[in-house]
Amino acid sequence: MKQYLELLNDVLVHGIKKPDRTGTGTRSVFGWQMRFDLSQGFPLVTTKKLHLRSIIHELLWFLRGETNIAYLKKHQVHIWDEWADATGELGPVYGKQWRRWAGADGHEIDQIRWLVEEIKRNPDSRRLVISAWNVADLPQMALVPCHALFQFYVANGKLSCQLYQRSADIFLGVPFNIASYALLTHMLAQVTGLVVGDFVHTLGDAHLYANHVEQASVQLGRVPRPQPVLRLNQAVTDLFDFTYDDIVIEGYDPYPAIKAPVAV
């Protein structure tokens with residue numbers, strides 16, 4: 001995961017100090033790209049321990065099209081708690097846009113189901129794009145999409161993914177985002193009869209919060225360990241049939257977790 005540590009170091013050393021929506025303050029750079037060859041191990045940060053249950057269940061929650069945190073809380077995942085209302089609702093966030101985008105004529109568009117079928121039907125398409133950035137729905141969202149748009153690319157039997165992330169909390173959020181979209185790429189490759197290629201992560205405003213600087217320095221002092229391996233249940237042939245137990249990450253040997261506050 002040297003790509004991630006290079007980003008962390010660059011923002012720490014060269015980032016421009018800027019105010020932000022949360023009032024915390026950041027150091028940021030604009031425009032950064034990382035590339036991970038998914039055939040060479042699962043891109044999970046090893047220089048601090050990540051909460052795998054949260055990463056996996058959040059992705060499954062997105063794929064279920066849900067916008068209420070009840071599913072997450074049931075599985076002891078609390079990464080969205082700060083933004084939910086008293087009923088657990090977040091408004092039309094990722095799950096709604098991925099699975100039930102409201103068309104102009106009122107009918108709902110299942111972007112993810114369409115994507116699976118289109119990869120099978122027309123793998124050379126340049127339109128294998130999913131967007132969570134629904135301008136009309138932004139005012140109703142508890143938190144507007146940070147990872148806003150992603151595209152898939154098929155070549156030589158390999159499925160690659162590129163994510164555009166407009167806002168990137170590089171200490172807390174980005175390690176989760178890398179793992180989540182790498183996992184999604186593996187799952188999609190399996191159900192479409194492909195193997196994994198690259199995950200390309202393009203960042204807009206890549207920022208380190210002022211109260212994460214000390215933690216970032218600690219992390220940069222650690223030497224990365226070997227990447228783990230992802231094992232999916234090969235019996236699963238439908239993307240929407242994956243469960244938590246179908247996803248196993250082997251050989252993850254991280255350093256201890258580094259606590260840091262979430263900017264809300």
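Glycine is no exception: its Cβ is also placed from the backbone N, Cα and C atoms.
Note that this is a predicted model, so its numbers are computed, not measured.
Listed in Swiss-Prot:
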ACT_SITE  Cys146  active site, nucleophile
BINDING   Arg21, Arg126, Arg127, Arg166, Ser167, Ala168, Asp169, Asn177, His207, Leu208, Tyr209  dUMP binding site
BINDING   His51, Asp169, Ala263  (6R)-5,10-methylene-5,6,7,8-tetrahydrofolate binding site
Ala263 ((6R)-5,10-methylene-5,6,7,8-tetrahydrofolate binding site): secondary structure state under DSSP, collapsed to three categories: coil
Binding-site residues listed as Arg21, His51, His207, least Cβ neighbours within 10 Å: Arg21
Between Arg21 (dUMP binding site) and His51 ((6R)-5,10-methylene-5,6,7,8-tetrahydrofolate binding site), the C-alpha gap once rounded to whole angstrom: 26
Rounded distance in angstrom between the Cα atoms of Cys146 (active site, nucleophile) and Ala263 ((6R)-5,10-methylene-5,6,7,8-tetrahydrofolate binding site): 14
Cα-Cα distance linking Asp169 (dUMP binding site) and Ala263 ((6R)-5,10-methylene-5,6,7,8-tetrahydrofolate binding site), given in Å to the nearest integer: 9
Neighbouring C-beta atoms (10 Å sphere around the C-beta of Ala263 ((6R)-5,10-methylene-5,6,7,8-tetrahydrofolate binding site)): 20
